[in-house]
Ligand SMILES: NC(=O)c1ccc[n+]([C@@H]2O[C@H](COP(=O)([O-])OP(=O)(O)OC[C@H]3O[C@@H](n4cnc5c(N)ncnc54)[C@H](O)[C@@H]3O)[C@@H](O)[C@H]2O)c1
Ligand SMILES: O=C(O)C(=O)C[C@@H](O)[C@H](O)[C@H](O)COP(=O)(O)O
Ligand SMILES: [Zn+2]
């Protein structure tokens, strides 16, 4: 039997949905109340399927269950792979009353969610995230999509899930590097909106890296609570939601430069947050001591602190020029006024941005 740890709600009126957090959920938690028709298509990948597919199937008793198994990797978050989902849906005669279920990390979740947004003009989907990063971030909030060779997440849709089912037991099989990547997004919540969470993270970072179940449950809950609140206030990133992009303008440039493969999303975001902290110091918003504190926490999570070898200032500037937050050709960045207080702005000195880029490139 499962053990429920917490339940949260993303409050979006008729599109509201629960985030259920617990252990032993896969295999025993009944997800059929969130399935309106008789068909379910589980979208997963070749790494996750052997680990959790059979258990996931047991969450849909009485339903016709089909499966699409995608190749594994950020480099497959593209049109060709997305098409495999549509192929599977059509081959198995799934109608507009089907429900998709994303079983895997953020790559599977973003692609299955986008497929759900598009298939027969939109069908419901459920998120069953199995990485730390997807449990604390990508499964919540309805951003779905794929990458383009010229820019990260450039094609996509807002499409909210019916429910998010987080089984913390799945983290037991997650490689250490992926745990560190997930911690980048966890730290992000402390830096953008919840300073007291930063204190907690400093005390618990070693326990988190060691996969201490109690610490993980708490970090997942507090992260989802912060994300659910921000998304509930600003579903489609009219303003506030952009703070969830702390470190991402730099980070997405790194991922695109690296060809979506060598750098994990969380690693790029970790370095990107250090770059945002650096620029926040240069702009006179936070102190050198604040920056040192943020950097120490990011490093203690096992994250890199320099841009990829061979990536130059000009590479950053040309890749950041296509960022989705840009307005009228101006690069908008998420900066910090204090640790735990972020906002999006185009109001910074270009020479300070250049100095930041110089400091992180070799
Ligand atoms: N939609 C959003 O709001 C949002 C938020 C953050 C990130 N993202 C996106 O999420 C993606 C990154 O997600 P990710 O970090 O989960 O990467 P991922 O989906 O590539 O998963 C990381 C690796 O872990 C494997 N894996 C998954 N679950 C496992 C488990 N329980 N045990 C062992 N291995 C497991 C995967 O197969 C993969 O090899 C990026 O594409 C990023 O852009 C989206
Ligand atoms: O949910 C959001 O909003 C975020 O920005 C969360 C980010 O961690 C995530 O990486 C997201 O996919 C980035 O979105 P994008 O719009 O910058 O592509
Ligand atoms: Zn992210």
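Cβ atoms are placed via backbone N, Cα and C, with glycine included.
Note that TrEMBL annotation is computational and uncurated.
According to TrEMBL, the features are:
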- 72-77, 106-110, 130-131, 143, 152, 170-173: NAD(+) binding site (BINDING)
- 185, 248, 265: Zn(2+) binding site (BINDING)
- 68-180: domain '3-dehydroquinate synthase N-terminal' (DOMAIN)
- 182-326: domain '3-dehydroquinate synthase C-terminal' (DOMAIN)
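For the binding-site residues shown (72, 75, 185), fewest C-beta neighbours within 10 angstroms: 75. If you measure from the Cα atom of residue 173 (NAD(+) binding site) to that of residue 185 (Zn(2+) binding site), you get 19 Å. For ligand 1, the nearby binding-site residues are 170, 173, 265; that is, of 75, 170, 173, 265, these have a C-beta under 6 Å from one of its atoms.
In the predicted structure, the domain '3-dehydroquinate synthase C-terminal' (182-326) carries a mean pLDDT of 98.
Spatially, by CA atoms, the binding-site residues 72, 106, 109, 131, 170 include one closest to residue 265 (Zn(2+) binding site), and that is 106. Take the binding-site residues 131, 170, 173: by the count of other Cβ atoms within 10 Å of each Cβ, the lowest one is 173.
Every protein chain shown contributes to the tally, and the Cβ of residue 106 (NAD(+) binding site) ends up with 27 other Cβ atoms within 10 Å. Less than 6 Å separates the Cβ from ligand 2 in the case of 248, drawn from the binding-site residues 106, 109, 131, 170, 248 in sequence order. Looking at residue 248 (Zn(2+) binding site) and residue 106 (NAD(+) binding site), their Cα atoms lie 15 Å from each other.
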